[in-house]
Amino acid sequence: MTTRLFIQDVTLRDGMHAVRHRITPDDVGKIVAALDAAGVDGIEVAHGDGLAGGSLNYGPGSNTDWEWIEAAADNLTHARLTTLLLPGIGTIAELEHAYVLGVRSIRIATHCTEADVSAQHIGKARELGMDVSGFLMMSHMASPAELAAQAKLMESYGAHCVYVTDSGGRLTMDGVRERVRAYRDVLDEATEIGIHAHENLSLSVANSVVAVEEGVTRVDASLAGHGAGAGNCPIEPFIAVADLQGWKHNSDLFALQDAADDLVRPLQDRPVRVDRETLTLGYAGVYSSFLRHAEAASQRYGIDVRTILLEVGRRGLVGGQEDLIVDIALDLLAANSDSVAS
């Protein structure tokens, strides 16, 4: 059977973390137009932490979600306008307003063990006639069987697709393979499976390829890998591999390369790449969007970013606990002072 992929671009949602949620609607429009012309199937637009994510805790955006989404809608001809919502941050009212602005696909995201909080939002999105995916973040923190049980819950609420979401870039190929197989064992045949990979261990393309080999049909990727931490699966090399594998998709490789180099890389105030800090995210299994918060704490308190991230991983922090990074830095500073004093 021929493998056909749905390529979901996340440059303008996960990629918001890479620019601290600061991008003009004009730039959003240019990137969306380029992605649409390049043939991607879906384009996700929102604050990095989803609808209503702009806050002191997560980081304020330069513009509202609505300004970004309107700019995107004005530049679409065929791609599915998508957004992301975390219950407890985004509300039903915001979901409904996104629909009014033209969003027709939504990913409802929860921590990997908290699928039950997604029921209302998935139900409302289905009621509106939207395409709905469940997004189980930090998927490495649950065993394959536990994660699959959570995926089954999202399916029961009405999700058309459920993702293995490697928010920390911690999964290896075997970890992805085991989780996709566990999903397939419990989900209905009609329910799609998606993969959302991060590059922190330099495995995002490999993990996405393994996922497709195991039956995944929806693949998240971004221009130049633009995303939290070391970035997401870079769309250009993934599409190149998909071509070599003979997988069917609608994307134009050269057009994606041009958009990545001409439009996205110039926006990055910090290179999106594997380096000592971003590698530590994957090594410690830390939520990728914690990078900029940890770097700010490091600069303020003089603690190595890697030391902070290792402690974040040891304590098992999850999305929404960004404020505890400062507490961790202060604890480490106090421990260093005690060590020097003794």
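Note that Cβ sites are derived from N, Cα and C of the backbone, with glycine treated the same way.
Swiss-Prot has this to say about the protein:
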DOMAIN    5-257  domain 'Pyruvate carboxyltransferase'
BINDING   Arg13, Asp14, Ser167, His196, Tyr287  substrate binding site
SITE      Arg13  site 'Transition state stabilizer'
BINDING   Asp14, His196, His198  Mn(2+) binding site
ACT_SITE  His17  active site, proton acceptor
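Feature map: Swiss-Prot annotations on the structure.
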| residue | record | DSSP (3 states) |
| --- | --- | --- |
| Arg13 | substrate binding site | coil |
| Ser167 | substrate binding site | coil |
| His196 | substrate binding site | strand |
| Tyr287 | substrate binding site | coil |
Cβ neighbours within the same chain of Asp14 (substrate binding site) - under 8 Å, at least six residues apart: Glu44, Gly48, Asp220, Ser222, His226, Gly227, Ala228, Asn232
Rounded to the nearest Å - Cα separation of His196 (substrate binding site) and His17 (active site, proton acceptor): 15
Residues flanking the substrate site, with Cβ no more than 8 Å from the Cβ centroid of Arg13, Asp14, Ser167, His196, Tyr287 and excluding those residues themselves: Val10, His17, Gly48, Met137, Thr165, His198, Gly227, Ala228, Asn232, Ser288, Ser289
C-beta crowding around His196 (substrate binding site), within 10 angstroms: 30
Those residues of the chain, 6+ apart, with a Cβ under 8 Å from that of Tyr287 (substrate binding site): Met137, Met138, Ser167, Gly168, Ala228, Leu281, Leu317, Val318, Gly319
Any further residue of that chain within 8 Å (Cβ to the Cβ centroid of Asp14, His196, His198) of the recorded Mn(2+) site: Val10, Thr165, Asp166, Ser167, Gly169, Ala197, Ser204, Asp220, Ser222, Gly227, Ala228, Asn232, Cys233, Ser288
Other CB atoms within 10 A, centred on His198 (Mn(2+) binding site): 31
Protein Cβ atoms within 10 Å of Ser167 (substrate binding site), excluding its own: 32
Neighbour count (Cβ, 10 Å) for His17 (active site, proton acceptor): 27
Under 8 Å by Cβ from Arg13 (substrate binding site), counting only residues of that chain that are 6 or more apart: Glu44, Val45, Ala46, His47, Gly48, Gly50, Thr83, Leu84
Max pairwise CA distance, angstrom, over record-listed substrate binders Arg13, Asp14, Ser167, His196, Tyr287: 15
Predicted model, mean pLDDT over the domain 'Pyruvate carboxyltransferase' (5-257): 98
Length of the line joining the Cα atoms of His198 (Mn(2+) binding site) and His17 (active site, proton acceptor), in Å: 13
